[in-house]
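**Student:** So Swiss-Prot has the following annotated:
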BINDING   197, 217, 226  S-adenosyl-L-methionine binding site
């Protein structure tokens, strides 16, 4: 089974981290971009087929999404699950995890993956139900982070959170607008799982009940909430700030 990846950063990331998955690459004919030539040189050296096509063909393949003149057809990645998460955590001393509960927009998933990578998160955990798929759009928005940050799909999110607490000694912190303690009042330097809920609805009840602590982002203006990917960035980089200072 194959899937498409588009955008220079996303294709570069697959080339760097999983070149064996590349099947063929489509490039816009006449495209002049200094970032493209090193990519083409690497593809040629690996013997990966490159086809130069017109814009109409690329636009059709990308379903109208921005593709930056390059699309790769790749073998579908293996879906990671709870067992893979245990292996990842076995080698980490002070892990930071991002948990997304009910985030169904692929743009938001991609943005959260990109931020998770920048913040040093070892994995992003999502439930199998009511969660965005790692589509071409999500990979494009992730800007290569979809190949570097493991995306773990779990059958039962509440059970996974309990396992993190009991078997990996990870503190589970959930975000909730009504929480009286803000992220800036919380100590977030140890092994941690940050749980972000869907926009509007927030975390599901069982997810909330399995959090060790609830925190909020203080809002100084008239809006009552932030986009989930923006809120994720605020929270993750407050955690990064605290860790750097500890």
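The backbone N, Cα and C atoms fix where each Cβ goes, and this holds for glycine too.
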**Student:** Under DSSP, is residue 217 (S-adenosyl-L-methionine binding site) helix, strand or coil?
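**Tutor:** DSSP assigns residue 217 (S-adenosyl-L-methionine binding site) to coil.
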**Student:** If you run the three-state DSSP split on residue 226 (S-adenosyl-L-methionine binding site), which class comes out?
**Tutor:** coil
**Student:** For the recorded S-adenosyl-L-methionine site, whose residues are 197, 217, 226, find every other residue on that chain with a C-beta no more than 8 angstroms from the centre of their C-beta atoms, and list them by sequence position.
**Tutor:** 175, 177, 196, 216, 225, 228, 230, 231, 232, 234, 235
**Student:** Count the other Cβ atoms sitting within 10 Å of the Cβ of residue 226 (S-adenosyl-L-methionine binding site), across every protein chain shown.
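**Tutor:** Result for residue 226 (S-adenosyl-L-methionine binding site): 17 neighbouring Cβ atoms inside 10 Å.
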**Student:** Other than its own, how many Cβ atoms are within 10 Å of the Cβ belonging to residue 217 (S-adenosyl-L-methionine binding site)?
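**Tutor:** Neighbour count, Cβ to Cβ under the 10 Å cut-off: 17.
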**Student:** Going by DSSP, is residue 197 (S-adenosyl-L-methionine binding site) sitting in a helix, a strand, or coil?
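**Tutor:** Looking at the DSSP assignment, residue 197 (S-adenosyl-L-methionine binding site) belongs to a strand.
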**Student:** To see if you understand the setup: which same-chain residues, six or more apart in sequence, place their Cβ under 8 Å from that of residue 197 (S-adenosyl-L-methionine binding site)?
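**Tutor:** Looking at Cβ-Cβ distances below 8 Å from residue 197 (S-adenosyl-L-methionine binding site), excluding near sequence neighbours, one finds 101, 102, 174, 175, 176, 203, 204, 207, 228.
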